[in-house]
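Copied over from TrEMBL, here are the features:
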- Glu175, Glu214, His217, Glu319: Fe cation 1 binding site (BINDING)
- Glu214, Glu265, Glu319, His322: Fe cation 2 binding site (BINDING)
- 54-89: region 'Disordered' (REGION)
- 352-371: region 'Disordered' (REGION)
- 229-252: transmembrane segment (TRANSMEM)
Amino acid sequence: MTSLITLRQTSTHAALRLSPALMCKATSLRRSTFVSYRNFSVFSSFRDSGSATLTGNEGAPIPTIPQDEKLKDQTLQSSGSGKEKTSLMKPDKHNYFTEAAWPHPIYTVEQMKAIDIAHREARTFSDKVALAAIRVLRRSFDIATGYSHPKPGQEGMSEFRMTGERWLTRFVFLESIAGVPGMVGGMVRHLHSLRALRRDRAWIETLLEEAYNERMHLLTFLKLSNPRWFMRFMLLGGQGVFFNLFFACYLISPRTCHRFVGYLEEEAIVTYTRCLQDIHAGRLPEWQKLEVPDIAKQYWKMGDNCTMEDLILYIRADEAKHREVNHTFGNLDQKIDRNPFALKIDNGRPQPTKGLQTIKSTGWERDEISA
């Protein structure tokens, strides 16, 4: 039986990565196949080069796409049926990098070490609601990650001891949750901008950048830790519940949600500060020679000799920035105020920046950034 593949000509040429074994099983064709449709042709000699070259009416060749040697066809035996099925085996290690969608601002060592633990007092009813919610979440989070926060002077006691593995587990859980609010807020405001047919005063970009930054934290820690099935199950359930709750709350009171995130970032800074204290005290000897992942070196523009202490300093500084941004957003009128971290004015007073030059731990008040 002869099989025929027809490739339709479209206005845009898409280069498709093909698996020869998969195509042979699906079509019963040989590995060397020539298909002609009008003036558009495809010739593939998988046996020789493992690549496909496309040419169109213009006569200019479309770039060849080589087959990735790491993506080999894996034949699996299905249980009890005796039938074979084909899938692509993922590579064990990715050797590629992409440029950051939002380039990270430059932090100095002095700026990062100056980050401190701070708390904004709850002044309004919505502030108190946000603070109560974060305390419930913090307690649940501590139970899930086996963490107990010591009082001053108790850090070295055995019941409060944290190993490197336990710290990484806590970080993975924290960052998987922390990456949700920015995406939800940016999504809601994006859709509102589309419906209202007007600009958003630059809130969307900062919120999405926050989500992107938190995800970079998570990807970095995943290079150092491999969560087990129970942790992955908790992350699945936690994200499903948290995303929907936060989405509903953001539709009702975005100001309360930003205050909630500000308090969440306060707790994150407490966590990373205690981790730095453990590093300084020598309680994490396994981290002394632990190499910082390349993805972190590229994103934060870190040197080749950077350490885990440097990595935690950068991440804590990011959380401090998110604390400032969300406490500031919680002080603003959600409908008419500009995003002061993106739309800048000169009112003769210091103004917020994307970096740490003029950071305010408890956020900027509305009258401080008014024109």
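Positions of Cβ are set from backbone N, Cα and C atoms, glycine also.
Feature annotations (TrEMBL) mapped to structure.
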| residue | record | Cβ within 10 Å |
| --- | --- | --- |
| Glu175 | Fe cation 1 binding site | 22 |
| Glu214 | Fe cation 1 binding site | 26 |
| His217 | Fe cation 1 binding site | 24 |
| Glu265 | Fe cation 2 binding site | 26 |
| Glu319 | Fe cation 1 binding site | 26 |
| His322 | Fe cation 2 binding site | 24 |
Counting only residues 6 or more past its boundaries, what in the same chain has a CB within less than 8 Å of a CB in the transmembrane segment (229-252)?
144, 169, 172-173, 176-177, 180-181, 184-185, 188, 260
In terms of Cβ proximity under 8 Å, which residues at least six beyond the ends of the region 'Disordered' (352-371) contact it?
105-108, 111-112, 114-116, 118-120, 262, 317, 320-321, 323-333, 337, 340-341, 345
Given the recorded Fe cation 2 site (Glu214, Glu265, Glu319, His322), which additional residues of the same chain have their Cβ within 8 Å of the Cβ centre, ordered by sequence?
Ala178, Glu210, Asn213, Val261, Leu264, Ala268, Asp318, Ala320, Lys321, Arg323
In the same chain, which residues outside the set Glu175, Glu214, His217, Glu319 have their CB within 8 A of the centroid of the CB atoms that define the Fe cation 1 site?
Leu174, Ala178, Gly179, Asn213, Arg215, Met216, Leu218, Ala268, Ile315, Asp318, His322
Give me the DSSP three-state residue breakdown of the region 'Disordered' (352-371), ordered helix, strand, coil.
3 helix, 0 strand, 17 coil
May I ask which of the binding-site residues Glu175, Glu214, His217 is closest to His322 (Fe cation 2 binding site) if we compare their C-alpha atoms?
Glu214
Glu265 (Fe cation 2 binding site): which of the binding-site residues Glu175, Glu214, His217, Glu319 is the nearest Cα neighbour?
Glu319
